[in-house]
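*Asks:* Below is a structure I'd like to ask you about.
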Amino acid sequence: MMTPTTRRGQYRNEYLAALAATSSLVASVACAGWSSPAIPMLRGPDSPIPITADEGSWIVSLLSIGALFGPIACGLLVDRYGRWKVLMGSALPIVTGWVMIAFAQSIGVLYAARLLHGFGYGLAYSVTPIYLGEISSDAVRGSTGVLVTVMAKLAFLLQYSIGPYVGFRALAWISLAFPALFCVVFAWMPETPYYLLARGDDQAAASSLRWLRRDEAIISELGRMRKLVEHSKQTTSNPLGQLFAPTNRKSLLIILLLSLGMQLTGINAILGYSQTIFSRLALPLSAAELSIVLALVQLGSVMLPTFLVDRTGRRPLLLISTAGSFVGLTTCAVYFTLDNAGELSPEPGAAHGWIPFVAVLVFIVSFAVGLATVPFAILGEVFPKHIKAMANTVFAVITSAVVFSVVKLFQVISDGAGTYVSFWIFAGCTAVTGVLIYYIIPETKGQSFERIQEIMQRAIAGLLVLVSLLPTSQEAEIDCNSLRMGQFLCPDPSLRQIDPRTQQLYGCTKENKARVWCIAADGIVCSETKNASFTRELPCKWTNGYHFDTALLLSVFLGMFGADRFYLGYPALGLLKFCTLGFMFLGQLVDVILIATQVVGPADGSAYIIPYYGPVITVVRSDNWTYRLPQDNCFAVSLTTCLPSPARLSCACIDAIAIAVVRQFANRIYDALLAAIGHNWE
């Protein structure tokens, strides 16, 4: 996709709001990372609250149980009280939980604190994608969605790096600073325009959108938002039933695939038991140090999709991610299989000890590139507004349930059958996920909400894909670059692809071509994008900052001093006109004509910038190879067409022939004069 030329800092406020909103995930995910350094402290000899191994496992697991209720609360509250209030409210249970841990004297208080942490964790993870999806413009929605995972991995790194070096209660007080900082920063951010429109506050919605876009020209976008909101109000009854309606069937299939596919790779089990896994490797670094390295690599990896998701697209990143994850998991499975069979040397420091660690890093990097980040970007796009909250609730509940099951079963299977069995299961699930992504997930890069909803509502037979692994849509999948006139619209009218400053296509090059997004007719699926959108090169006029009105005004009022020629980049002619007073005003008059007819343009070969679309004159010349379409009127050159009968020639035909002859003669003289004058003056 081409990258539209945007003014400097156009998306600054959108990124600020996204960073402030996703800082809630630093506060909430820190609760998940807390158990890694805290459990060894609680089980150590100087524990403030001595616990058993079973009690420690419950401390870890209760977070997932509490997280089941956060999405439910989100679904009930987010459309009633707004995205901003619910997101701010997610900090309250987290703050309460940290205070309880800081003063805890019994295991029961820790259990209650972990349940509160889980509730806040699930609430923040549910409402944040909704907020991001509704404040972000089409061009940056993928990048802001990726911030969800970036902030989550930052929270893990902070807990892994701080926890081992401070006390149990000190860690709780330090962690309390994360939700406090979020509240201070997010308090200045606006509510989403979609929610404000749904509440009937058009003025506040316009103010919010104006601040986010940093632009006064928001009328068209606000109108599209209002249209979506009005459509949502007509279908607000029974959102759960709407979620399972046939028109949302493919979107529901996507949410199930992404939520299951993310967790069945075993990411949470591997991260949760990373020290246990690494303790079996005889390497120079300790298991704790290897875990910190893992967290650093993970944080660096999830930043890559922030810059790639709006350039590369969602589907390519997901497919690359599943392929790399499969390679890493399979390598670990093979290694632990051979180790379990006694085929590997048990000597400490053996070179093969680095193989599983590197394989885990490959898995972490690959997972972060797509599976860890892109699902949150897609989740904010594929559902209509009126059921988006319910969809996020379903996504979060499924994710929490699967996380709890995977983490618990990993230890059970590893203790009962061997670690290699768990890795083989993870590798197999990842392979299946990759196949399903290829057949099911559409490309939503650069698409407006309206266009995405059209794509989602076309493929109502999507659930059958889950069973047959084959696409069941009746749409024809072809190479859309071979479509003929009438089978597509180019550029796509639902996208803003005309630069308002130049009135030309975004990304117009010096070769006077621009690659734009087009839309195929209903029933056509493009093989390159798996939806109805495709790109095509269109002719355009390359501009380089020279305005037609400025050049013409300079020519009329200051042409005798050569100001027009200086402006257009002809300093020699400008100096000559300045010294001769525009050739005694004759040269000024000629230049006014040449600039007005756009025969003379900027010296660099660019076109004029004209403040309305399609004003540039295009000179069409004919030669001996030009085909003239025969016409059934007297303006044709052939005399026979004007003869009603062989014996009589009408006066109308005589006049028409005379006019045609004079016009042809005048056109030839005009072309010759323009060519001569333009050549001499340029």
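Yeah, the Cβs are placed from backbone N, Cα and C, and that goes for glycine too.
Copied straight from TrEMBL:
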- 16-445: domain 'Major facilitator superfamily (MFS) profile' (DOMAIN)
- 56-78: transmembrane segment (TRANSMEM)
- 90-109: transmembrane segment (TRANSMEM)
- 168-189: transmembrane segment (TRANSMEM)
- 252-273: transmembrane segment (TRANSMEM)
- 285-309: transmembrane segment (TRANSMEM)
- 316-337: transmembrane segment (TRANSMEM)
- 357-379: transmembrane segment (TRANSMEM)
- 391-413: transmembrane segment (TRANSMEM)
- 419-441: transmembrane segment (TRANSMEM)
- 575-596: transmembrane segment (TRANSMEM)
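What does the local environment look like for each feature on the list?
*Replies:* If one looks beyond the transmembrane segment (168-189) by at least 6 residues along the same chain, the residues whose Cβ comes under 8 Å of a Cβ in the stretch are 16-17, 20-21, 23-24, 26-28, 30-31, 34, 37-38, 41-42, 47-48, 84, 87-88, 91, 94-95, 98-99, 101-102, 120, 155, 158-159, 162.
Using a Cβ-Cβ cut-off under 8 Å and counting only residues 6 or more beyond its ends in the same chain, the transmembrane segment (419-441) has close neighbours at 250, 253-254, 257-258, 260-261, 264-266, 269, 277, 280, 314-315, 318-319, 322-323, 325-326, 329-330, 332-333, 336-337, 339-340, 371, 378, 410, 413, 462, 465-466, 469-471, 530.
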*Asks:* What same-chain residues lie close to the transmembrane segment (316-337): Cβ under 8 Å, and 6 or more beyond its ends?
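*Replies:* Answer is 261, 265-266, 305, 308-309, 344, 352, 355-356, 359-374, 418-420, 423-424, 426-427, 430-431, 433-434, 437-438, 441.
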